[in-house]
Structures are given as C-alpha cells and as structure tokens.
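Listed in Swiss-Prot:
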- 1-305: domain 'Deacetylase sirtuin-type' (DOMAIN)
- 23-42, 103-106, 243-245, 269-271, A291: NAD(+) binding site (BINDING)
- H123: active site, proton acceptor (ACT_SITE)
- C131, C136, C200, C203: Zn(2+) binding site (BINDING)
Amino acid sequence: MNKQLKEFQEYLPKCRKIIALVGAGLSASSGLPTFRGSQGLWKNFNMIDLATPDAFYIDPGLVWQFYSWRRYGALRAKPNKGHYALSKLSHKFNSDEYITITQNVDGLSSRSGHNLDSLYEIHGSLFDLKCTSFMCNYVDHNNFKQPLTKALEDTEFEYSNLSTRKRTFGDSDGNDGVDISLSPQFNPVKTISEKDLPSCPVCHDLLRPGVVWFGESLPLNLITEIDSFVESDPSVDLILVIGTSGTVYPANSYVERVRLKGGKVAIFNTDIEDNILNGKVEDTWGFKGDAAELLPIALKPLIGDI
C-alpha cells in the first residue's frame, strides 16, 4: 500500500460529510465515448457543436439523430465498479452527509442503485425529454424507449456495427488519431422532418433532450441545494474528484470551497499533475489510473468489497 492510499484510508472513516464529483472519465470505463480528443466526433461532426440550442434550432433532425445514438449507447452500457462503489457509499450516509454531483448524462449512477436523494445530475439526463414550447412545461422523466420514433431507429444499427468499421488515422504531426467507429462517416446523416421527431403529448410541439447544452444555465434548484450542502454545518471533510480534472466551473468552485473550509481533496483520474502525485499539494491525494478500478480499493474501509 502506497503512502497516499494509506493516509487516505486512515482519514476516510473519520469523515462526517463527503462530496463525490463525477466526470466523463468514470463513464469512459463503461465504454462510453467522451466529448474530448479522438472521441469528439460523430459522423464527422464535432460533438460539442451538436450539443447547443442553436444546433437544435437549425436542424433538430440532425441533433435528435446524435442524441438517439447517445441514448442507445448509454442503454447498452453497464455501471462499472466505480459506480457501484459510490452507490454503496451513498447508502452509508444520509443525504445531508453525502452527495454525488455527476456531470454525466448517461444515467449509469442511478442505474447502479445510488441513493437518489443524494444524487445530483447537474447536466440533466439523456432519458429525460422536455417540450421546446415556452408556454408548455411538459417533462418526461426516465423515458427508456429506444428508438423514440421510427425515423430514429437507424442509430441502433450504426452502434451495433461500430466494431466492423473500426480503424484510426492521425495527422503527420503524430497527434491523436480519430476512431472512425466513433465517427461513422460512411453513413451520411438522414434528413428527418420535424413531424417524424419526438413531439409533446400536451401541445404537440417538438420535444428536446433533457440535458443542459453548451451555453445554457445549470438547473438553479439543483445548484441551490448543492450550495446549501456545501455551506451548511458541519463543513465538508472530503471531496472526491472522479474522472474529471475538476478545473471547470462549477467543479472547480466546489473543490476550492471545500479547501477553504478545511476539507481535503482526493483525485481519481487518468491525468493528474505530478506535484499532486508526489504529495506536494497540501491536503490533496492523487490516484492515477482507471477510476472504476481505483475507487473500490480506496473506499474499502467504508464500503467493504464490491
């Protein structure tokens, strides 16, 4: 057992209040692509460009094909040992003592049996749908129907055939190659009429994915509840930063607020700064590698075996 793990496991049982901050790195261990690097393309479109209100306004059929593909992938994926470790941890504490803040929209945390009272999906869920009409407040939670309409059924065929078309290419400078299996350029995007897309059963306007797109605000009610958890007494003893760098808002703000109140930070990620790994950052532990494998080991004093 290395020094950092020993110190962390000695501190963990003393904690009265814990936050787990979860990013895309944990879901990557379940086989889901991230929006970054060589996994950032879908049909030669930058995924980030499709995850915007403007993209949906310009071509809702294109955006719905992308999200139908993501929904199908998330349904095929299974929670990994990291998800189950956090699930067990959530049942060791009350919801005023422990929360998981996930930036993922794949639903894997909830499917792992996590205590829903202590789970905050701040970027929404692929399996929530909401009406686009300003005058309508219809929301459909936990809709796992796939495909949502007949026009979107081809996404299943594409996902199931990725392995047969997998190859990579890179540029002459040796930069990361692009995995064509995540960018199926040989199947051009279909043009889908709005009448063939998911529609609101109340007002018959278009439905959209219930996720927070780039440029949109995070849900105020969730952020308010999280802020209350962070600021209330007793102070947070520990924040687990899992599968994310924790350097982007609001993740970075939670880390810094915990530090300011005397709490400690434990990072589980494939990319961690050397000064953290070497124990040179005060009150911070770094565990480099696959968070799905590291979490069950690190949390064992509280959760036992997975």
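Note that Cβ sites are derived from N, Cα and C of the backbone, with glycine treated the same way.
Fair warning: this is a prediction, and the values are worked out from it, not measured in the lab.
Neighbours of H123 (active site, proton acceptor) among the binding-site residues S27, F35, Q103, C131, defined as a Cα within 10 Å of its Cα, are Q103. On its own chain, C200 (Zn(2+) binding site) has C131, T132, S133, C136, Y138, L206, L207 as residues at least 6 apart in sequence with a Cβ closer than 8 Å to its own Cβ. Other residues of the chain with a Cβ within 8 Å of the Cβ centroid of C131, C136, C200, C203, the Zn(2+) site, are T132, S133, M135, N137, Y138, P201, V202, H204, D205, L207.
According to its DSSP assignment, T270 (NAD(+) binding site) is coil. Look at S27 (NAD(+) binding site): DSSP puts it in a helix.
Averaged over the domain 'Deacetylase sirtuin-type' (1-305), the predicted model reaches a pLDDT of 89.
Shown in sequence order, A24, M47, I48, A51 are the residues of the chain, 6+ apart in sequence, with a C-beta less than 8 angstroms from the C-beta of F35 (NAD(+) binding site). The separation of C203 (Zn(2+) binding site) from Q103 (NAD(+) binding site), Cα to Cα, is 30 Å.
T270 (NAD(+) binding site) sits 46 Å from C203 (Zn(2+) binding site), taking the C-alpha atoms as the reference points. When the alpha carbons of S27 (NAD(+) binding site) and C203 (Zn(2+) binding site) are compared, the span between them is 35 angstrom. When the Cα atoms are compared, G243 (NAD(+) binding site) and C203 (Zn(2+) binding site) turn out to be 40 Å apart.
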